[in-house]
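Following: one structure in C-alpha cells, then a few remarks.
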Amino acid sequence: MVTVFSIIPGGVLSDMRGTQALEAQQLAQGSAHLHRRLKRGWIWKQLFVPEEDPTPRVIGQIKSDSDRGEFSIKYVLSGEGAGEVFEIDEFSGEIKTLKKLDREEKAFYVLQAQAINRKSNEPEEPQSEFIIKVQDINDNVPQFQNEPYVSSIPEMSPTGTTVAQVTATDADDPMFGNNAKLIYSILQGEPYFSVEPKTGIIVTSWPNMDREAREQYLVVVQVKDMLGLDGGYSSSTTVTVSLTDVNDNGPTFQHHMYAFVVPENAALGTTVGRIMADDGDIGINARMTYSLEDDLEGSSTFIIKTDPSTQEGVVLLAKPLDYETKRRFVMAAEAVNDHVDTRFLPSEEFTDRTSLKIFVEDVDEAPVFLSPVYEWKIPENAAVGTAVGSVSARDTDTVNNPIRYSIDKRSDTTKAFKIDPNNGTITVAKALDRETTNWHNVTIEAKETTQNHLSSSVVVFIKVLDINDNVPRLARDYQPYICEGIQAGELIQLLSAVDPDEPVEGHHFYFSMVPAKHINPNFTIRDNQDNTASIVARRSTFTRKDRAQYLLPVVLTDSGSPALTSTSTLTVSVCSCQPAGHCPSGGVEALALSMGVSLQTLLAVLVCLATLTVLSILMVVLRRHRRKQQEGLEVATELELPDTVSQKVLYYGEAGGEGADLDFCQPVVPLRPHPRRRERRLRKEDVRASIRMSLRESHLIGPDDEVFRQFILDRLAEADQDPYVPPFDCLRTFAYEGSGSSTGSLSSLESSDLETVPEQPVSNPRPHLVRLTPWCGAAEEDTVF
C-alpha cells in the first residue's frame, strides 16, 4: 500500500514514518521472514486559522486512505484545545473552530488524530500528530518599554551627541507582513534633538546648549507600526533631557572693598564677617577656596574659610585683639575655583580678588586667667587648711584694676574648699572622702574691684587620691546552712568581699578564722586566692537535735598599706533539707522545720486555731445583739384617762409578781436611741423632781384639781414636742395617788431611802414597790419610788 499525502500550501505536514526505512531495518537484521508493511496515510486540507475570528468554521480535514466513504472509520481528535477550541467530525474528519483565537495568547496548537474502525473498535493506523497555526492580524498597539525616560548630557555638547534610546515593542507577529515593523519620529523637541527612525536613538542637533540659559528640555517621540503606513497603530512617550553643568564660569566679587568691625574682647574663632564671589555654575564647578593676604603688620591675625553650604568666605579671628596695640587691619582676599576646565575658559578667568578692612573696637575687658583650666590632686586624708593650689588672673586694660577671687557656691555645694580672695590660694575646708566624692569641679571667679566689676571664671578639677581607710566586708548578708546528711569536706558556702577603696594594684582579700587555742572541729575556711573563700564542713555528724545553729567568725584582711581587718560572724543553721538539697528559708514550711513537726501537723493546728477564733467572735457578736434587744424592750400598760388627757402620757408598771397582768397596752417596742444622751439625762432629773413635787401635792388635792391637770398638760406638751418618743399612742397609768387609798401611798418620796418602801398591812395584797417609767422614754434608766 502506498501512503498518499495531500499537502496544501500553508498546511503543516503530519508525523509520518516511511515504509522504506522500515524495510531497510528489517533487511539489516537479516530477517528471513516476510513481514507485513505498516500502512498509514493521511490526506490533509487547510491547517491555518485567522485570529480574532468569532465565527466557528471548518479549517481543515483529515482523511485516512482506508476510508472508502462507508462511514466505517471513526475520527478522534486529542491534544491542545481538543474539545474546547477545536472539534472534529467523527465521520468526515473535518476540523472546525469553537471560539475565536488570539495569536498573542497562543500562536499554535499541537494535536493528535486517530482513525478507529467502528466494527472492531481497533485503530486503522497509529496515532498521528499535527499542528494548527493561528494567523496574525494587526490588532496590537506598539508599547514603549522602561518608561519614563530621563536622560542628561553636559552643556556645550557638540551636535550628534547621543542623549538616550527609546524602545517600543509590538505584540503582533514580526514574521507576518508589516504588523510589527516600527518607525520612530520626533513630535516635540526640534530643532534641538532628532531621533533615528529605526533604532529610536535620540541625538543632539543644536550646538553649544547653555545650562545657564535653559536647563531642561522635554522631547516627545512617536512610534508607528506598519512602517508608518496608513491604518497602523501609534503611541508616544516623553523623554526628559537635563543639561548638566560644566565649569564655564569663574568667580566674581560684587564689591571691591569690604569693611568689618570687631570688639577687642572677641573670642578666638569669632566670625568677623562674610564675603562671597558669585559663580554661575553649580555643584562641584561652583566650589571655590578663599585666601587672605595680610599686610606687613597683619601677622595672620585673621583667617578665612569657605562655607561648604553657601560657598561664602567666612573671616574668623585667629589671634587675640588688643585695641591699645593695633586698631585697624587691611588685607586682600582672593577666590579661586577648585576645579578648572580650560576647554571653556583660560585659567586666569577662574580667579578674582577684593580688599578687606577690619576695625578693632575698644571695650572694658574682664580679668584673664593665666591658664584656661586647672587640675590638681590631693589625698583624701589631707588635713583641713592644706593648700591645694593657686589660680591667677590679671586685668588686661591699661587701668589694671585689682582683682578678688571667690568660689562659685553652686560648684562647691559641700563647701569642701575655700580660697584666699587676694592671692587665689585654694585650701581644704572640710575633711575629704574619696568614697563619697572622688572628683571636685570647682568654679573660681575673678572680679574687678572697681569700675564695671567685670568678672571671669575658670574651672578647677581636683582629684581626691585614695588611701586605705575602709575595712573590707562581706559582699552580702550570707545565711549559710548545712544539711543533716552532709559529708565531711563538702562545700557549705562560697564567700566574697568588697572594699570601697580603690588600690592602684587592685583588691586582694585574705580570709581566715579567728585565732584560737583549739581548732574549730566543725568548720574550716579555705582561702581560694581569688578574693573568694569556701566554708567547708570538718565532720558529717550534724543533727538538729544536737544543735540547730553554729556561730562562725570570719576574719577579712585587705592588701592596703596599712592593711585593715574586719571580723564578721556567720550563723550556720542545721537544716532538714529536702531531697534536692534545698533548705526552706521562710514560710510555713520553714516554721514547721524549726519546731520539729511535720508540715501536715502544723497546718492542722493552724486550721483549728482559726476555727476557734471565728466561733469566739460569732458568740461575742450574738451576745451583744441579744443584750441590745433586751435593753430596748419595755412593758406597756394601758389605762383609761379622761378625754381631755392625751394618749401620749407615759406609764409606770409593776415589776414582776402579779403586777404583770396590768400589761394590757400592746405592742411594746424599743424606743429609738437619743443622740444626745447626756442632755436627756439632765432633763430626766428635772422630770423626776417635778414628779416628786406633784406627788407630794397630790395628797392634799384631788384628781380634778387645776394643779394636777396642769401637770398632766405640761407632760403632754413636752411629749408632743419631743421627736424621740415612740411613734404610736398608748394609754398609760394615771400618775396620781389619792389620799383615800386603803393601801396607802406607794410613793417613796417621804422616805429617806428611795430604793425601799416599808411594808403596810393591807386587805388586798399588792406589790409595795413599783417602777415609774421615765417620762422621756429611756427604758434603761427607770426611776424607783
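Glycine is no exception: its Cβ is also placed from the backbone N, Cα and C atoms.
What TrEMBL records for 742-755 is compositional bias 'Low complexity'.
Annotation source TrEMBL lists domain 'Cadherin' at 64-144 (among others). With DSSP classes pooled into helix, strand and coil, the tally for the domain 'Cadherin' (64-144) is 0 helix, 37 strand, 44 coil.
Taken residue by residue, the domain 'Cadherin' (145-253) breaks down under DSSP into 3 helix, 47 strand, 59 coil. Sequence annotations record features per position, and here TrEMBL assigns domain 'Cadherin' to 145-253 (among others).
According to TrEMBL, the feature domain 'Cadherin' maps to 254-369 (among others).
Residues or ranges marked as domain 'Cadherin' in TrEMBL: 370-474 (among others). Computed over the domain 'Cadherin' (370-474), the whole-number mean pLDDT of the model equals 89.
If you look up TrEMBL, you'll see 474-586 (among others) marked as domain 'Cadherin'.
Residues or ranges marked as region 'Disordered' in TrEMBL: 742-765.
Among the features that TrEMBL reports, transmembrane segment is placed at 602-622.
Remark: secondary structure over the domain 'Cadherin' (370-474) totals 0 helix, 48 strand, 57 coil, with classes taken from DSSP. Residues in the domain 'Cadherin' (254-369) partition by DSSP class (helix H, G, I; strand E, B; coil) as 8 helix, 54 strand, 54 coil.
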